[in-house]
Amino acid sequence: MASSLVLLLGSIAVLASAATVTYDFNIEWVTANPDGMADRPVIGINGQWPLPIIEANVGDQIIVNAHNSLGDQQTSLHFHGLYMNGSTHMDGPTQVTQCPILPGSSFKYNFTVKQPGTYWYHSHTKGQYPDGLRAPLIIHDPESPFRDMYDEERILTVSDWYHDQMPGLIDFFISKANPTGAEPVPKSALFNETQNLTIPVEPGKTYLFRMVNIGAFAGQYIWFEGHNMTILEVDGVYTHPAEASMIYLSAAQRCSFLVTTRNETNENFAFMASMDTTLFDQLPEDLNYNVTGWLVYDAEKPMPEPAVLYEDFEPFDDMALVPWDNLTLLSEPDQVVQLDVIMDNLGDGANYAFFNNITYVSPKVPTLYTVLSSGDLASNPAIYGEYTHPFVLEKDQIVEIVVNNLDSGRHPFHLHGRAFQAVWRSEEEAGTFADSNVTSASFPEIPMRRDTLVLYPEGNIVLRFKADNPGVWLFHCHLEWHMQSGLAATFVEAPMEIQKTLTIPEDHYAACAAGQVPTVGNAAANLVDWLDLSAQNAPPDPLPKGFTTRGIVALVFSCLSGMLGVATIAWYGFAEAVSGGTPTPGTVAGVAAAAAAGTDGRDDASPAEVASAGKANDVVTSSGTRGGGGGDLR
Amino acid sequence: MAVDVFSVPVFLVVFREALETVIIVSVLLAFLKQTLDGPNRDPVVYKKLVRQVWLGTALGFLLCLIIGGALIGVFYTLGANRWEASELDYEGAFCLIASVIITIVGFTLLRIGKMQEKWRVKLAASMEAPVRTDHPGAGKAVKRFFEKYAMFVLPFITVLREGIEAIVFVAGVTFSAPATAVPLPVVVGLLVGAIVGYILYKSGSSTRLQIFLVISTCLLYLVAAGLFSRAVWSFEQQKWSKLLGGDVTETGSGAGSYDVDNTVWHVDCCSPYVNGGNGWGFFNAILGWTNSATYGSVISYNLYWLFVISALFVMRFREVKGRWPLMKAKPAEIDVEEEVQSGGSSVKLGAESKAVDVEKTVPI
């Protein structure tokens with residue numbers, strides 16, 4: 001339960017001294033029906049859903065005691081956007097920085113937050129969070145440069161919603177029955193995990209909206225009718241204020257903005273979120289991809305129907321934002337990591353997502369524990385296994401990630417452990433970065449920073465950061481479907497530094513022991529020969545590109561039987577023709593008779609005469625047939 | 001694609017029926033020539049009877065075209081929309097029907113060389129028939145008519161019979177091909193049938209004809225084997241399509257166009273169905289080629305040949321030994337013989353129904 005002290009602090013925001021904020025989370029199934037269409041089991045906390053919001057102040061220590069009461073599913077918690085400096089083991093993704101929390105087990109997350117802003121926490125286990133385990137995490141900043149610009153704060157989530165549970169949806173999504181990798185389309189959109197949300201406002205005031213897209217898949221266009229937005233923060237990074245009439249938030253992105261209310265209270269105003277339907281493989285006719293809420297000036301007044309937009313969405317371009325701290329472009333990179341996004345099918349017929357032909361598969365040993373148990377070998381990427389797609393970064397290196405989208409969909413890429421400089425983003429269909437002849441000279445002087453950036457279809461993005469945060473950090477697409485189909489890579493940042501500074505708490509190892517997950521060894525849990533990864537977890541084999549042995553055998557066999565058949569037909573056909581004298585049908589005899597009749601009857605023209613010849617002939621035929629017995633006149 | 005305008009099975013069926021008709025007409029003409037155009041010739045009667053033959057042929061042919069056109073037209077207008085939902089199921093069913101028809105027709109094609117003799121016999125028998133009906137009472141006018149116009153009635157009935165048979169077969173076979181693939185093979189089949197018949201009439205050599213017939217029969221059975229395999233493939237592909245919840249064509253010939261767990265081979269090219277087949281459609285029509293073979297399609301292809309080979313051996317056995325294998329020679333051959341006397345067509349029907357029975361026992 002959230003400490004009431006913190007909630008108080010959050011709203012008043014006065015004290016700057018560090019405190020410890022403790023939450024005891026009992027993670028369990030509850031039933032909910034947020035869109036009024038279907039009751040379904042959702043993952044609640046302490047019997048509640050929507051989930052409690054984690055709130056703290058900059059400098060506070062947050063402790064989350066998570067207990068898994070789900071009974072049938074593992075879990076873990078990721079605190080999205082928190083840098084986890086010095087506490088990479090509290091980051092949350094299973095098999096990366098921890099073992100899964102088994103049903104009945106507990107796990108203590110304990111970390112100190114040094115960054116203000118709007119974040120969220122969610123499960124980072126097996127695509128679980130869209131089943132409900134997702135909520136905002138707000139770090140208040142008593143020293144905020146904008147603290148005098150607004151009167152009150154409102155936290156607003158937007159999300160997509162499914163009526164089926166993720167395990168079944170994922171089983172379908174990654175199956176041969178879905179060879180195109182069509183992502184399940186949500187059933188509805190939600191504001192604050194509900195619909196027709198009303199937010200009472202007072203006239204002539206300024207509100208800070210902290211908005212989070214906690215959805216699984218759909219990006220959302222968001223706008224307020226009759227009001228403008230002033231953007232102040234994206235993904236925890238303060239920006240110079242920027243006016244916007246509409247914003248776009250991909251899954252996992254956040255944005256804080258000011259909304260100043262009108263001075264009159266004679267009408268209420270709708271605000272809308274509209275799911276980005278370009279992501280959807282198909283658009284079901286009964287899908288309402290919009291969700292509406294209202295700024296309520298006067299509850300007695302009607303809630304106006306919003307104008308629905310169908311196309312020509314013109315959201316604010318987040319690349320145009322300038323961070324408040326004016327941090328300039330990082331110098332030329334020491335290491336460039338290029339990742340090409342591809343979707344393809346593997347030997348099981350299912351569709352997978354690839355970075356450079358590698359689809360992510362979890363290692364047997366959580367990558368962080370491989371770092372800690374491998375000694376000097378920790379800087380050798382090979383030990384982390386081919387399918388975790390590891391990149392080892394040296395401390396304080398400047399790293400550049402170039403992502404080329406060879407796929408036709410939008411992908412919001414998220415890097416754990418930091419906000420990166422988004423130094424370049426191409427338009428759609430611009431091709432690869434290398435082909436576009438863009439140099440650092442075109443990069444902005446003060447690049448926008450955030451932790452989740454949308455990559456456009458068949459375009460490219462370039463990100464830069466300084467490797468000053470030792471830890472094991474995932475870089476992945478935050479569309480939960482693609483996370484499951486393997487669109488992820490692992491950055492092992494300053495592994496020697498991790499070994500020197502990090503101690504894993506006993507309860508973390510206990511979680512591994514409970515699930516019999518090895519905690520030492522390389523990705524294949526081999527601690528004898530660290531470079532032997534033959535036992536590593538691997539994706540299905542690629543689809544055979546041509547004839548396999550099986551195919552060749554079948555083809556040869558079929559050709560053989562075809563030839564044999566043809567030979568038999570020929571044998572039968574010619575045997576008949578040749579064997580005129582053998583005891584075969586009477587036709588032969590009959591023909592002789594008929595021919596005889598034909599020549600004999602030449603002196604008479606009447607048909608009757610011919611017929612009598614035929615009669616004699618008929619007798620011959622009969623006897624002939626009796627001899628042959630085949631009756632085969634044909 | 002190649003098969004879009006030329007359905008090989010349609011061609012073969014039309015060709016066979018045309019050939020049969022031409023043989024009958026040629027036998028009739030040869031008969032007339034021999035009897036009336038000899039030394040004691042009667043040019044007036046001869047010309048008259050020849051004209052009757054041609055008239056009967058032409059009228060019968062015309063009637064067939066009308067009936068056939070109407071029938072197939074109705075089939076297609078009724079069917080076109082109704083079959084789309086589970087198109088592959090229908091395609092499979094029609095391939096199966098076409099395969100069965102060809103299998104049955106094919107056996108008889110090997111015997112077409114004997115048609116000439118058969119028809120001489122038949123002709124003689126039918127000439128005799130009116131004389132036999134001595135005092136039918138009311139049938140005197142009819143009898144007169146048949147006597148007078150036998151040379152008209154015989155080809156007319158024959159052409160009509162062969163023609164309608166062809167129509168039924170073509171109708172059965174065409175459903176495995178689009179409507180556009182029907183007209184050309186019909187025309188070509190008629191032409192080739194006529195030409196071959198003419199050669200046969202002129203040369204009188206049955207050996208060369210036999211080679212030709214054996215080759216065309218082999219071709220026909222290759223087609224039938226392919227159709228049989230394609231029928232099974234279509235059923236399986238329909239199931240796969242259903243599993244995907246819709247359009248398999250979206251995936252072209254690449255991943256997702258086939259069920260990986262049921263695939264014996266798959267190559268991402270050379271599909272007979274994608275982009276008009278690019279000539280692979282021709283291989284599909286003649287040899288049953290598919291770029292994506294399933295267990296069902298491969299096994300059914302081989303089983304089909306196994307069936308054809310055994311059937312031919314059994315038939316040969318019966319021809320030589322006069323009984324079915326594994327059966328004792330029965331004295332009851334007279335029954336069969338009577339059937340023979342009562343008319344060739346009933347024998348044929350009997351043979352067909354037997355073949356169908358055997359066909360049914362093939363595990364699909």
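Note that Cβ sites are derived from N, Cα and C of the backbone, with glycine treated the same way.
Listed features, source TrEMBL:
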- A:625-634: compositional bias 'Gly residues' (COMPBIAS)
- A:27-143: domain 'Plastocyanin-like' (DOMAIN)
- A:153-298: domain 'Plastocyanin-like' (DOMAIN)
- A:360-495: domain 'Plastocyanin-like' (DOMAIN)
- A:594-634: region 'Disordered' (REGION)
- A:1-18: signal peptide (SIGNAL)
- A:552-574: transmembrane segment (TRANSMEM)
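Summarising model confidence by region, the domain 'Plastocyanin-like' (A:27-143) averages a pLDDT of 97. According to DSSP, the secondary structure content of the domain 'Plastocyanin-like' (A:27-143) in residues is 6 helix, 54 strand, 57 coil. Across the domain 'Plastocyanin-like' (A:153-298), DSSP classifies residues as 11 helix, 70 strand, 65 coil.
Mapped onto DSSP helix, strand and coil, the domain 'Plastocyanin-like' (A:360-495) counts 31 helix, 50 strand, 55 coil.
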